[in-house]
Amino acid sequence: MEIQWNTSSRDLEKVERESWRMSNTSLQYHYEEPADFETPPQSSWSSRPNSRSNILPRPPRPQEKSSISNELQQDSILVDWNGVDDPAKPLNWSTLYKSWITFLMGMLALSASLGSSIISPAANTIAAYIDVGTEVSVLSVSLYILGFAVGPLCWAPISELWGRRWGMLPAMFCLGVFSIGTATSKNATALFLTRFFGGLFGSAPISIVSAALGDIWSPKARGTAVTFYAVAVVGGPTLGPLVGSALLVNSNMGWRWTEYLEAIWVFVTLMLNFFCLPEVYAPVLLKEKAVRLRRETGNNAYFHPHEAIKIDAKTMITQHLSRPILMLVTEPIVTCVAFYASFVYSLLYLTLEVFPIVFSENRGWSPVDSALPFLGLFIGVLLYLLRLISAINLVMPELSMQQVDDQSLKLVSLPWHSEVSYSP
């Protein structure tokens, strides 16, 4: 469908409001739940519109600055999916293919979270090597987690502008580079700086994967995919100490190989995702479709609003930096969930320092044996995962409250653990 627009100011203003309302609605399509059928995945570039009726019109805006073309005429055409059942739409990809994508992104999250704890068993060895106290050597873990807190403020807007791949893969490459930097560090300054920047870049998949899963899974199936992602995020910190201890006791390796192994794992996962992970963010796919249509047809009227989105320093400060802080302060539910999640993660990473003291120093266990209790954390995550999957279709507020009530056992378990920790 193609419409020639009247350029009178009153009519143009009326048509602009209506067409931009339609375009904003079209940007929400990738959140809708598709029909219950499976379609083989296809690239959005191979999805050519069968007729103009599948393309929404958009009137030109004289004041708009766009890099599309100076020849954009009054018959601009807004590019959209070829209907709700378009096979190029990520939500319509087959379940098997979406499961493969979920696995790939889960491995990215696992490699980043593994880097947070794999070096923790070597804290005393590192303290002796760089000549600092054991209290200072804890910064090798703390600064990595600090990078986790700062990084999402950068990677989230990048993934919204250029897509999920650009938001994660370059950052993962930098994580591998800084892991090698940690392994080759000669002093405390180099070690702590590389650990901080490793966490900064490693936070990319931690913060983006959950959003990417929402791009490909319908609301009913999204819960199962997110639980797999949660296992990857928690599995890294719980399995890392065991892997690090095994490397530490090997006389041919030592503490540096904890970071070398992290770098190897990151680069292998990165290469797998580079060749196999497609772009899943719908606005970026539609923008690429508009570019392809302009190139193949020679018609510069094809357009998608995502092409006009720009991020400058003012936008970064006013929206992507200040908005999370504003929501944390002004939204009670966000405040409660944020503090609760912070408390849970603090307990998780507190065990990285407590378990070696309890089982290695107090009880004289070997480094590998003292890391085995971390498997209890991972087994607990897997058992709770089975419970969540069994109730995945029961969307009831009471179930959410029950999950919180289960955490009341911490009030008993934490003092209990502290009391028996001094027993031989």
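Glycine too: its Cβ is placed from the backbone N, Cα and C atoms.
Here the structure is a predicted model, which means the values were calculated and not measured.
Copied from TrEMBL, the annotated features are:
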REGION    31-69  region 'Disordered'
COMPBIAS  40-54  compositional bias 'Low complexity'
TRANSMEM  100-130  transmembrane segment
DOMAIN    101-424  domain 'Major facilitator superfamily (MFS) profile'
TRANSMEM  136-155  transmembrane segment
TRANSMEM  167-184  transmembrane segment
TRANSMEM  196-214  transmembrane segment
TRANSMEM  226-249  transmembrane segment
TRANSMEM  264-286  transmembrane segment
TRANSMEM  325-352  transmembrane segment
TRANSMEM  372-395  transmembrane segment
Mind checking which residues of the chain, 6+ beyond the ends of the transmembrane segment (136-155), have their Cβ under 8 Å from one of its Cβ atoms?
115-117, 119-120, 123-124, 126-127, 130, 167-168, 171, 188, 191-192, 195-204, 206-208, 320-321, 324, 345, 349, 352-353
Tertiary contacts of the transmembrane segment (226-249), as residues 6+ beyond its ends and Cβ separation under 8 Å
102-103, 105-107, 109-122, 125, 206, 209-210, 213, 255, 257-258, 261, 348-349, 352, 355-356, 366-368, 370-372, 374-375, 377-378, 381-382, 385, 388-389, 392
Average pLDDT across the domain 'Major facilitator superfamily (MFS) profile' (101-424)?
87
